[in-house]
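Peer 1: Pulled these from Swiss-Prot:
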- ASP149: active site, proton acceptor (ACT_SITE)
- VAL27, GLY28, GLU29, GLY30, ASN31, PHE32, ALA33, LYS34, VAL35, LYS50: ATP binding site (BINDING)
- 304-317: compositional bias 'Acidic residues' (COMPBIAS)
- 318-329: compositional bias 'Low complexity' (COMPBIAS)
- 21-281: domain 'Protein kinase' (DOMAIN)
- 323-395: domain 'NAF' (DOMAIN)
- 303-340: region 'Disordered' (REGION)
- 398-427: region 'PPI' (REGION)
Amino acid sequence: MFRSMGTGTGTKPPAMTTERYEFGPLVGEGNFAKVYLGRHRATGEEVAIKVMDKEKLVRLGATELIKREIAVMQRLRHPNVVRIHEVMANKRRICVVMEYVRGGALYRYFRRGPSGGAAGLREHEARRFFQQLVSAVAYCHSRGVFHRDIKLDNLLVDEQGNLKVADFGLSALADMERREAHLQTVCGTPLFLAPEVFKRRGYDGAKADVWACGVVLYVLLTGRKPFPDEHVSRLYRLIGQNQFQCPPSFSPDLARLVRRLLQPDPDRRITIPEIMEMRWFKRGFKEVTYYIDSNDRLRSLDGLDGEPELYDSDTDTIESSSSSESPTPVAGTPRGMHTSVSAPALSELDRMEDSASLPLPLPLPPRPRMPRPKSLNAFDIIASSPSFDLSGLFEERGERMRFVSGAPVADIIAKLQEIAGMVSFTARTKDCQVSIEATRNGQKGALAISAKVFELTRELVMVQVCKKAGDTAEYRRFCDNELKAGLRGLVVDALPPPVEGGGHGGAAAAAEAE
């Protein structure tokens, strides 16, 4: 079934060189890309590999669309959103390696009615999928992403029966909306378009997504379209006039929710937080509870038999794409191709001339132990601080913070665990990394923080703290009110002088020499 990448035409894999993946059959094809089933050679994991021809993208004017899709997928780490593993490119093609969702499209699971047509799903099944859809959309909005093309074709089901939102090619980012006051582009599938979208008066991306969720829910429950006219202009008129009927089988709670979802006035339409408070929605709803483990993989706390269910993800692409650390090669990188688990911007790929010209911000590999760093970059940054007071040593950059300590690693880890316990957070420790997670989930997901300890010298370590998930304001409050105060006694208030001929003297001397 699988073959090495490099031979064949048509439905066979394109001629590219890779040591990481084997290619299987063609499983999908669109205007801009072909999607192949693939398998990671080392792990055996099945993946979907989206292959795009760079010349065709330019010819069809699709370069910006693909850039946006990759940028959006970099932002998203949620169990109900299809995840991206890595991006590879050579002079001719771009390959996006993604999660393979074996179950296929959601509409395949509709029942058959007496006349042979689709009859939708049972109410409890539709509710479960709708709950997962709303959870995913709420998370996307919290990350500043509006999907803009929510429809049944873009809702997949995995082998465990969980919904996965896919295809962010038409999505918009919140900063686009802020620049333009409202989104202007009419995009998406007519049946799922909110009335304000096709009226071309500007629209709120979040409210348009809520409308599309309402259409999805109606179709899930009935197997029919709420606005059944096939002619686009008449369809738009039905949508604008809100001409749809809830079947008698709908309970009052369900009918109330559907009418609020399909409210043509966006200012009166229900919001995501309000959906989550509706009685029909809350029935049996279990919030997605997940955390990012010490290997940067997404895990659910709701797995079977008390074991965490694994949502595998090789790296936190959000963090790694802005990492200031030195690039480190990934083992098994394909010859003749670039690879980045953090998905490099396509503007860089477009400028690429040869296979050695693209510097990629790859994340550091996991450190099961605490080896001496080969680079003294972190030490140099601290040693060159203008003062050695506490505020200077708690160096903060966006969603990252780091400080230097002379305390034993075991004491630092114990203190981090203690601080987490004081605010009822959980703490998981593996080697020299502590993962701290909030026990309650908000609209933006549970706050998750990673604290890694690195050895600088025999006497000093650096602790790097970064937000992995959740609300940024909540992260900063935790750092300001809990973390800094709790760690105050462990942070060095002055770096020791260099020791000639031993200790950390070589490092300090190098720093002073600069």
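Just so it is clear, glycine is given a Cβ too, placed from its N, Cα and C backbone atoms.
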Peer 1: Quick check on the recorded positions: of GLU29, ASP149, whose CB has the lowest count of neighbouring CB atoms inside 10 Å?
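Peer 2: Among the recorded positions GLU29, ASP149, the lowest count of other Cβ atoms within 10 Å belongs to GLU29.
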Peer 1: With DSSP assignments reduced to helix, strand and coil, which class does the residue listed as 'active site, proton acceptor' get?
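Peer 2: Once the DSSP labels are grouped into three classes, the residue listed as 'active site, proton acceptor' ends up as coil.
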Peer 1: C-alpha of GLU29 (ATP binding site) to C-alpha of ASP149 (active site, proton acceptor): distance in Å?
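Peer 2: Rounded to the nearest whole number, the Cα-Cα distance is 18 Å.
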Peer 1: Counting Cβ neighbours within 10 Å across all chains shown, tell me which of the binding-site residues VAL27, ALA33, VAL35 comes out on top.
Peer 2: ALA33
Peer 1: Can you give the largest Cα to Cα distance in Å, as a whole number, for the residues VAL27, GLY28, GLU29, GLY30, ASN31, PHE32, ALA33, LYS34, VAL35, LYS50 that bind ATP in the record?
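Peer 2: Between the outermost Cα atoms of VAL27, GLY28, GLU29, GLY30, ASN31, PHE32, ALA33, LYS34, VAL35, LYS50, the distance is 14 Å.
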Peer 1: Under 8 Å Cβ to Cβ from ASN31 (ATP binding site), same chain, six or more residues apart: give me those in sequence order, or none if nothing qualifies.
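Peer 2: ASN31 (ATP binding site) has long-range Cβ partners LEU60, ALA62.
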Peer 1: For the region 'PPI' (398-427), how many residues does DSSP put in helix, in strand and in coil?
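Peer 2: The counts are 14 helix, 8 strand, 8 coil.
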Peer 1: In angstrom units, rounded to an integer, how far apart are the Cα atoms of ALA33 (ATP binding site) and the residue listed as 'active site, proton acceptor'?
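Peer 2: Cα-Cα distance, ALA33 (ATP binding site) to the residue listed as 'active site, proton acceptor': 18 Å.
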Peer 1: How would DSSP class GLU29 (ATP binding site) in three states?
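Peer 2: Strand, per DSSP.
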Peer 1: Can you see whether DSSP assigns VAL35 (ATP binding site) to helix, strand or coil?
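Peer 2: In the DSSP reduction, VAL35 (ATP binding site) maps to strand.
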Peer 1: About how far apart, in whole Å, are the alpha carbons (Cα) of VAL27 (ATP binding site) and the residue listed as 'active site, proton acceptor'?
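Peer 2: Here the two Cα atoms are 21 Å apart.
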Peer 1: How far is it from the residue listed as 'active site, proton acceptor' to VAL35 (ATP binding site), counting Cα to Cα, in Å?
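Peer 2: Spelling it out, the Cα of the residue listed as 'active site, proton acceptor' and the Cα of VAL35 (ATP binding site) are 19 Å apart.
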Peer 1: Tell me, roughly as an integer, the mean pLDDT over the domain 'Protein kinase' (21-281).
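Peer 2: Taking every residue of the domain 'Protein kinase' (21-281) together, the mean pLDDT is 85.
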